[in-house]
Amino acid sequence: MKRPWQGQLEKPPPEDVPRWDPKNPLCPGATRANGEVNPNYEGTFVFPNDFPALQPDAPEPDNSGHPLFRAAAARGVCKVMCFHPHSDLTLPLMSLLEIRAVIDAWAELEAELGASYPWVQIFENKGAMMGCSNPHPHCQVWASSFLPNEARLEERTQRQHHSQHGVPMLLEYAEQEAHRKERLVVENEDWLVVVPYWAIWPFQTLLLPRRHVLRLRDLCDSERDSLASIMQRLLIKYDNLFQISFPYSMGWHGAPTGPHLQEDCEHWQLHAHYYPPLLRSATVRKFMVGYEMLAQAQRDLTPEQAAERLRALPEVHYKLRPQETV
């Protein structure tokens with residue numbers, strides 16, 4: 001962190017995003033790439049991804065004839081969900097009722113797609129720095145016929161911990177972090193956000209429920225309300241850190257679905273990961289390269305330092321605070 005930086009500087013996100021742009025394919029009433037016209041939606045809006053990475057009828061690959069070259073069909077569906085009709089809003093600037101509507105739509109999509117697919121991945125890439133090609137507030141939902149690598153790893157480690165200790169790993173972890181408090185960022189009666197003990201991204205966070213919950217659909221009304229509140233508080237702190245619309249990739253992980261709905265998944269605990277790239281400022285990001293790609297990730301600052309910085313930030317968005325007069 002003390003090394004002079006002469007490397008790449010990122011371009012801060014634009015502050016002048018138009019509220020509505022007829023050329024933006026995510027806006028209400030706009031025409032998308034496939035010729036379909038969006039409805040004049042006033043809340044959330046879900047539609048099939050016009051450029052899906054997964055197809056429900058993907059063909060089986062040919063047999064390679066050698067065990068080193070194994071392949072199988074990856075089938076699924078991809079959807080896009082707009083959070084709000086206005087392009088100039090992001091989640092931290094939305095109302096609690098509007099964020100709650102997003103949470104309800106997430107839970108509905110998880111239940112709908114999870115009725116047949118083993119894994120439903122809800123994720124948001126926010127900001128051009130994270131590969132997002134459109135500033136309109138939105139996320140993606142991919143349902144797959146298989147458990148992806150991260151899901152398989154979490155399945156194995158949580159099952160192993162539950163077998164050895166008789167308690168869900170992330171439930172025990174949340175209880176420990178709530179007691180220790182050194183990595184705690186924000187909390188309420190149902191949820192807590194921590195910079196995880198194992199964090200490798202500078203301001204990485206983990207959002208955890210306090211009670212044992214398997215999937216988003218299992219959250220009661222009050223837990224969804226308190227989830228909206230804690231998400232807003234966290235994301236306001238993120239934006240306030242460098243006073244920009246803070247980039248990140250986030251996503252929900254819960255118990256597998258589809259055929260796994262009939263299985264014992266008590267070792268699972270619902271949670272959300274947030275992975276922001278920024279390190280020193282709005283223009284200096286962490287690069288996961290060199291030693292970190294070839295050997296092991298390093299920490300530029302400790303989880304405790306990151307949590308302390310986030311914890312100390314105000315919970316009123318910098319755009320909404322009264323302007324100081326000279």
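Using N, Cα and C of the backbone, Cβ positions are placed for all residues, glycine too.
The active site, tele-UMP-histidine intermediate annotation in TrEMBL covers His138. Taken from TrEMBL, the feature compositional bias 'Basic and acidic residues' applies to 12-22. Taken from TrEMBL, the feature domain 'Galactose-1-phosphate uridyl transferase N-terminal' applies to 1-148. The region 'Disordered' annotation in TrEMBL covers 1-38.
Across the region 'Disordered' (1-38), DSSP classifies residues as 0 helix, 2 strand, 36 coil. Of all the Cβ atoms in the protein chains shown, 20 others lie within 10 Å of the Cβ of the residue listed as 'active site, tele-UMP-histidine intermediate'.
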